[in-house]
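Novice: Here it is: the structure, laid out below.
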Amino acid sequence: MNVTVFGTGYVGLVTGACLADVGHNVMCIDIDEAKIEGLKQGRIPIYEPGLEPMVLRNHEEGRLHFTTDAAEGVKFGALQFIAVGTPPDEDGSADLQYVLAVARTIGEHMDDYKVIIDKSTVPVGTADKVRTVVAGVLAERGTDLPFDVCSNPEFLKEGAAIEDFTKSARIVVGTDSERVRELMRECYAPYSRNHDKLMFMDVRAAELTKYAANAMLATKISFMNEIANLAERLGADVEQVRLGIGSDPRIGYHFIYPGCGYGGSCFPKDVQALARTAVQVGYEPELLNAVEAVNNRQKQVLFDKLSQAFDGDLTGRTIAVWGLSFKPNTDDMRAAPSRVLMESLWDAGARVRAFDPEAMHETIRIYGERDGLTLVEHPNEAVEGADALVVCTEWKQFRTVDFTWLKSKLKHPVLVDGRNMYDPRQVKAAGLMYYAIGRADSLKPVM
Ligand code: UDX
């Protein structure tokens with residue numbers, strides 16, 4: 001099949017590469033000329049495991065093409081995926097200007113039947129808006145070419161996007177057209193071979209499914225963070241509680257890891273956008289608001305714990321930070337807890353010595369060369385001469401630590417662990433104070 005994908009960000013590039021990889025002919029189109037030029041020369045603008053070889057291979061073998069030419073892009077595919085950004089606007093609603101601009105472009109250049117597919121996360125009702133825009137442009141052109149609009153939300157995790165695309169649990173398609181069902185079946189057949197993963201539903205149900213999935217997962221995390229905060233105050237270890245509740249199949253072990261708050265490009269944005277949508281239709285989303293409020297507070301706990309360890313005065317302290325990305329295996333710093341921590345530390349007159357395996361260039365892009373921020377090439381170097389260590393992201397390479405060595409390097413024996421990575425007994429046995437999340441006993445001496 002010939003497929004066009006608008007947008008070469010995470011979602012667009014992964015979709016384009018994965019569809020090309022199973023034999024479709026894919027044209028990726030973006031308005032950013034430098035990005036498209038780079039892609040033509042094999043430069044991948046984002047870090048995503050497995051993506052680079054997949055893009056290079058399919059490009060070389062002639063199944064994956066890149067262009068900035070709208071007319072060429074629209075003419076190419078019977079399927080037109082819209083995978084451009086939907087950034088939050090000032091009030092947290094999803095900004096649809098890029099999605100609707102693509103709809104206009106498709107209307108301007110199409111000359112036969114098209115299926116227009118909303119892949120970006122868009123508020124319920126967007127497919128109708130896309131349909132109205134395309135129909136309006138066609139009317140201006142004096143034609144009534146046939147087209148359909150459907151919703152096909154993605155459920156890709158950063159760092160595992162290729163795997164999530166190729167081995168997805170389900171492929172949700174919202175449509176009321178049999179023709180679309182057939183074409184989407186054909187498009188996804190290579191990824192739906194062993195069992196039928198396609199789930200057809202109404203357009204609005206598909207649009208809401210995406211938000212509901214992310215909001216549910218975010219709710220689990222905020223719930224668990226609240227239990228962790230309670231556990232700390234009640235003298236319980238939340239890690240034992242996590243296992244205790246996760247063993248109930250009705251609850252499950254996934255997404256109940258307490259931590260320093262969820263970040264990334266999806267959860268914060270989608271929870272907010274769904275809450276905004278709720279208000280727009282006259283419903284007060286009390287739970288969604290609480291999920292967000294708990295998360296915002298949770299991003300402060302690392303700073304609060306440090307502050308507690310240094311009796312409320314962090315002036316002149318140097319804090320080592322391990323991990324800056326919002327989660328491992330990505331360089332993405334969007335809504336990362338590390339940012340809240342570093343900004344609070346700077347406000348309090350402290351300095352940061354940080355290491356991250358992938359996100360240091362992104363940190364420089366965001367903060368520039370600034371006072372109070374030193375980026376180092378090795379985790380051990382971050383600790384040299386620091387007053388305390390904070391772990392913000394659970395990268396694999398931070399799992400094994402020689403705590404005796406760590407104690408000898410830190411000016412003060414303070415380890416703040418935002419991801420509950422370590423065994424409190426081992427940390428304390430080395431003479432370190434261990435401030436973890438929801439582990440009340442982590443500061444008590446070893447028995
Ligand atoms: C998420 C969804 O998982 C994905 O389906 C959707 O398409 C986009 O949003 P992503 O943002 O890439 O994906 O990351 P994910 O691995 O889900 O983690 C999100 C955040 O939640 C991270 O900050 C992570 O640290 C945090 N998290 C996750 C927890 O704090 N505890 C958990 O138990 C799980």
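Using N, Cα and C of the backbone, Cβ positions are placed for all residues, glycine too.
Caution: TrEMBL annotation is automatic and unverified by curators.
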Novice: According to TrEMBL, Asp30, Lys35, Thr86, Thr121, Glu158, Arg334 bind NAD(+); identify which of Lys220, Lys269, Lys396 is listed for that same site.
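Specialist: TrEMBL names Lys269 for this NAD(+) site.
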Novice: Among Lys75, Lys114, Lys210, Lys407, which residue does TrEMBL annotate as binding substrate together with Phe155, Leu156, Lys157, Glu158, Phe255, Ile256, Tyr257, Pro258, Gly259, Gly263, Lys327?
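Specialist: Same substrate site in TrEMBL: Lys210.
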Novice: Determine the C-alpha span of the substrate site listed in the record, that is the greatest distance between any two of Phe155, Leu156, Lys157, Glu158, Lys210, Phe255, Ile256, Tyr257, Pro258, Gly259, Gly263, Lys327, in Å to the nearest whole number.
Specialist: 24
Novice: Near Cys266 (active site, nucleophile), which binding-site residues out of Lys157, Ile256, Pro258 have their CA within 10 Å?
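Specialist: So far as Cα distances go, the binding-site residues lying within 10 Å of Cys266 (active site, nucleophile) are Lys157.
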Novice: Out of the binding-site residues I have (Asp30, Lys35, Lys210, Pro258, Arg334), which ones have their Cβ sitting under 6 Å from ligand 1?
Specialist: none
Novice: For Lys35, Lys157, Lys210, Lys269, Arg334, listed as binding-site residues, tell me which one has the smallest number of other Cβ atoms within 10 Å.
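Specialist: Per-residue Cβ counts within 10 Å for the binding-site residues Lys35, Lys157, Lys210, Lys269, Arg334 bottom out at Lys157.
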Novice: Given Asp30 (NAD(+) binding site) and Phe155 (substrate binding site), what distance in Å do their CA atoms have, once rounded to a whole number?
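Specialist: It is 22 Å, counting Cα to Cα.
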